[in-house]
Amino acid sequence: MRGVTSARQQHQLAEAGEPWWRQRESERKRPNTRTSSTIPSPLCASSLKMACQALQSGESLATLKNESDSLKKKLEEERAKLHDVELNQVAEKVELVSALSIRTRRVLKGHGNKVLCMDWCKDKRRLVSSSQDGKVIVWDGYTLNKEHAVTMPCTWVMACAYAPSGCAVACGGLDNKCSVYPLSLDKNENLAAKKKSVAMHTNYLSGCSFTNSDMQLLTSSGDGTCALWDVESGQLLQSFHGHTADVLSLNLAPSETGNTFVSGGCDKKANVWDMRSGQNVQSFETHDSDINCVKYYPTGDAFASASDDGTCRLYDLRADREVAVYQKDSIIFGASSVDFSLSGRLLFAGYNDYTINVWDVLKGNRISVLFGHENRVSCVKVSPDGTSFASASWDTSLRIWA
């Protein structure tokens, strides 16, 4: 029987000078050499040794954080060494911008509540706007006619965008979705019946933008992520993780072959992303509060941001640093939106104090203050041909300026 020692085996063990029962005990205690898979590999042993050494030396999360902060400080010092001159110093010899005569040319009224977002069509004539009243309206900027109106299943439609072809609009908000509505010449057509839900986030949709075709859509959300979607299938093509709070805005690089975009959020960071890899390739954190809007410079080499700290800032991507701050002591309200003139010389910024400020990008001084809205300005966008710009406001109206 298994486990029972025969008399012959007992005799052999006795001759060896050790009682057979003690020999059996030593065999039971002896490790099983056949289970070699349980023996740690040199790599595991090395990692274990390093972890033990770290614990023995009293290293903790706090000390690791201090070390990380120290390395960040060194990087900032190295970056500061390259910061040899300010943008306004370089622009000293550039001529001043002549006096501007910008005023309201059109007022678009039709929303029943705060207008939260708007976008131009590439035809330079039509606009789309979204509102807290749950409606999305397509306007003719010349005649002021409403060409289409869609009632969304939720209020607070916080994002809208025109497709490059002008044949569709995308929108979304508190429903956590981004829906695409195809447009037609028939103004009486029921657009809601043709709605296509493309993107789905786990929190509110804060921004959306078509890429250089109608087939892909970029979205930003309160869930702290951005995402790239295929419009036809609704499939998620790429997700972008890096923000530690709500993402409030995004903007695609202006180059037709560009594969980057910038996003800003409640973590006070502006991140530049590679759309192909999903990697965060650059990050800037100089604002003191939420970043409400980000916008690329027309050449794609820089971008501007607007923040609740009351400032707008310009970041040079090649220098990898902030190069200008647009602020005045008299501005105590947050900046909600920014956009550049077609030349890149002017920066239009909408503020929570109901005004639009026009800044000289190179010299950093304020050129003009535009009045007209009766509540905070939520969105400012220059038309594709650069001859005018539109603003949306919590006063339920949109204005076209030129």
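Cβ atoms here come from the backbone N, Cα and C positions, even for glycine.
Unlike curated records, TrEMBL annotations are generated automatically.
Taken verbatim from TrEMBL:
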- 1-41: region 'Disordered' (REGION)
- 1-12: compositional bias 'Polar residues' (COMPBIAS)
- 21-30: compositional bias 'Basic and acidic residues' (COMPBIAS)
- 61-88: coiled coil (COILED)
- 108-140: repeat 'WD' (REPEAT)
- 198-239: repeat 'WD' (REPEAT)
- 240-283: repeat 'WD' (REPEAT)
- 284-325: repeat 'WD' (REPEAT)
- 337-369: repeat 'WD' (REPEAT)
- 370-402: repeat 'WD' (REPEAT)
At a threshold of under 8 Å on Cβ distances, which of 198-239, 337-369, 370-402 pairs most often with the repeat 'WD' (284-325)?
337-369
Considering only Cβ pairs within less than 8 angstroms, which of the stretches 108-140, 198-239, 240-283 has the most against the repeat 'WD' (370-402)?
108-140
Counting by DSSP, what is the helix, strand and coil composition of the repeat 'WD' (284-325)?
0 helix, 23 strand, 19 coil
Taking a Cβ cut-off under 8 Å, which residues six or more beyond the ends of the repeat 'WD' (198-239) line up next to it in the same chain?
156, 158-165, 167-168, 170-180, 245-252, 256, 261, 263, 265, 273, 275-276, 278
Averaged pLDDT score, the repeat 'WD' (108-140):
97
